[in-house]
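Copied over from TrEMBL:
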type	residues	note
DOMAIN	5-166	domain 'CSC1/OSCA1-like N-terminal transmembrane'
TRANSMEM	6-27	transmembrane segment
TRANSMEM	87-111	transmembrane segment
TRANSMEM	145-165	transmembrane segment
DOMAIN	187-344	domain 'CSC1/OSCA1-like cytosolic'
DOMAIN	355-621	domain 'CSC1/OSCA1-like 7TM region'
TRANSMEM	357-381	transmembrane segment
TRANSMEM	401-429	transmembrane segment
TRANSMEM	449-468	transmembrane segment
TRANSMEM	549-580	transmembrane segment
TRANSMEM	601-621	transmembrane segment
TRANSMEM	627-647	transmembrane segment
Amino acid sequence: MEFSALLTSAGINIGLCALLLSLYSVLRKQPHNYGVYFGRRLAEEKFRQQVDYFSLERLLPTAGWIVKAYWCTEEEIRRVAGLDSVVFLRLFIFSIRIFSITSLVCIFGVLPVNYHGKETNHGRIPAESLNVFTIANLKEGSRMLWVHCVALYVITISACILLYYEYKYISRKRLAHITGSPPDPGHFSVLVRSIPKSDNELLDDTIRNFFVNYHGSSYLSHQMIYRKGSMQKFVDNAERVYRKFVRVKMSSFGQSRRSDLSRCGLCGVRASSFQQYRNKFINSKKPDLSDPEVIEAQKDCPGAIVFFKTRYAAIVASRILQSSNPMLWVTDFAPEPRDVYWSNLWIPYRQIWLRKIATLAASVAFMFVFIVPVAFVQSMMQLDQIEQLFPSLKNMLKKPFFVKLVTGYLPSVVLLLSLYTVPPMMMFFSSIEGSISRSGRKKSACCKILFFTIWNVFFVNVLSGSVLNQLNVFTRPRDMPSMLAELVPKQATFFITYVLTSGWASLCSEILQVYNLVYNFFRKCIFCYRDDPEYGYSFPYHTEVPKVLLFNLLGFTFSIMAPLILPFLLVYFCLGYLVYRNQILNVYYPKYEMGGKLWPIMHSTLVFALVLTQTIALGVFTIKHATISSGFTILLIIGTVLFHQYCRHRFSSIFNSFSAQDLIEMDRDDEQSGRMEEIHKHLLDAYSQGTTNMDNSSSSRNGGAPIEMIMEDPAQDAQDSNQELCDAVKEVTGSIQEHADEM
């Protein structure tokens, strides 16, 4: 591909980005789009709705959002969005720092050496092939390869220093997050599964007797995990329908009638009908353990949440074996209440390893199936193959502009569209894998998408060529470095356009929120719904983290191979830093917290990118017969691996467990201040089985216990309150009919 084709692709993406950013600055000012661009602030009820009047200022693009996003402090971001958002933004800070250094070294040091590698007469730069800017332009035995080796050393040492600083900084932030956060019920709770069943006593008594016997001094209480009753499902569905009709009624009658609606509900229905039933349902007496229905329900109980008096006792109980048989009394640290993935708690513990193997096999199979669209994308880079597939385009492909468009822009667009099918599939695999927390499911999906992206976007594109003619490399793994050294520079043009398309354009699409914008238009302008805080979105770490890490990998691997990619990557990281700060502050709502556990994944991936870069450079130096540079590169690989091992032993345990010193000091502070008794009172009401995530998060924000506590099977309570619920539903139905007659 010629340099002019790259300029064509860059021009298209720059124009598209300018258009989308200008459009965003206008759309965010429109009052009917507040639910799209200020979802988090609406969910926290901290956003002041502006009066809907016409103003010329709303139609003019401005850059005020950039200033607000840039000057917001890190502490403010942590306070409103949690530690995970801070860790994600620190990844951008690291990327901007390291690629600023890399760009200076490679653009002014390596690029001129590549361009003048062979003694040829260079013409006009727009007509030059991009291959003359890569390391492939150097002839064998060139003495200038020492420049690439020195640049590789500068990049690696700078990256290791910055990585160590970031790891140390984020570790301190995590420790401060643990010790400085309000009391978390999850710190006092342990999830117990695979409980042995006995014919002589109820499961409830078995759990109590076991923990009283072996943890008598620290055991507080426990909560059985029951299947959600059919009556409770009916109540939830009826209440959901009731809320929807309330919103429709409020939208129909306008602001002047809202006070009446809040007083009487929906056309005469008491506003608290369902809440009264809910309270009666919650405050009902404890189920009689001698009831045959309760006994039958306990036989299907998958486990229990056991509460301890101190944090230290809970962490000790969750980390040690409770029985000589490791498959019985399996304990694990319970997630925080809003983070529990209740549906997976019903999975038998003995099935989890089978599910993990099955999902791993399915993920690998999906990765290999995806080779087909990647091969199609690579075939689009070859004009002769496009003419064979689409003979009708033969005349059109003879025009220079269409040649530049097809070879420089369309392949990366097709690959980008194909990748949109990956996150839903990987999230589905992670859901059936057996994770007990929503954050664990998202973390598992993040790892799967990361492996998938690196394999299919980088390795398959590099090794496949146009017709998968290089798959024999898997039968010769020793030839992998030399194979990569030969093929990576040839694919530099494709990955430069991929950064432009999947990087710049995707950031603009992210800030514009195209899908949510269309959904909001139909929801508010067609169906006349109001902004509802229940529809807040959490940050998609499982899709964004792999994307940013892939661009880091591309930047490292092509830094000395094809330095032209570095300016485009640096623009991506700077723009992404501003865009994601704005989205975290205004759009996404933190529904649960992972405590920065994604950073070890980021660190390992960045070190892998460094080692891969050094391995490819070693292959290049070997092919080019640069023996001295090859020897120094081997030493660099060994040093990078040792650095990773040091960081793993020094910091990774902070992200995997808690220290006894911190937990004991926190327990002592709560006991001395008298807060421990209050914490114990709220533990039994902390975990709400079967509620939605937004309900749990709302209750956590309000500082109290969750709204509802689902019982196992409210058969007795349902009989007592069945008539009241039916009357309430009849009232709602009658009001709906009256409203229809009025309309």
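Backbone N, Cα and C define each Cβ position, glycine as well.
With a cut-off of 8 Å on Cβ pairs spaced 6 or more residues apart, the transmembrane segment (145-165) and the transmembrane segment (6-27) reach fewer than 3 such pairs and are scored as not touching.
Sequence-distant neighbours of the transmembrane segment (549-580) (same chain, 6+ residues past either end, Cβ-Cβ under 8 Å): 6, 10, 17, 66, 69-70, 88-89, 91-93, 95-96, 99-100, 102-103, 106-107, 110-111, 114, 130, 133-135, 148, 151-152, 155, 159, 450, 453-454, 457-458, 488-489, 492, 495-496, 498-500, 503-504, 507, 510-511, 602, 605-606, 608-610, 612-613, 616-617, 620. Here the transmembrane segment (601-621) has long-range neighbours at 87, 91, 94, 135, 145, 148-149, 152, 155-156, 159-160, 163, 166-167, 443, 446-447, 450, 454, 480-486, 488, 545, 549, 552-553, 556-557, 559-561, 627, 629-630, 633-634, 636-637, 640-641, 643-644, 647, meaning same-chain residues at least 6 beyond its ends whose C-beta is under 8 angstroms from one of its own. Within the model, the domain 'CSC1/OSCA1-like 7TM region' (355-621) shows a mean pLDDT value of 80, rounded to a whole number.
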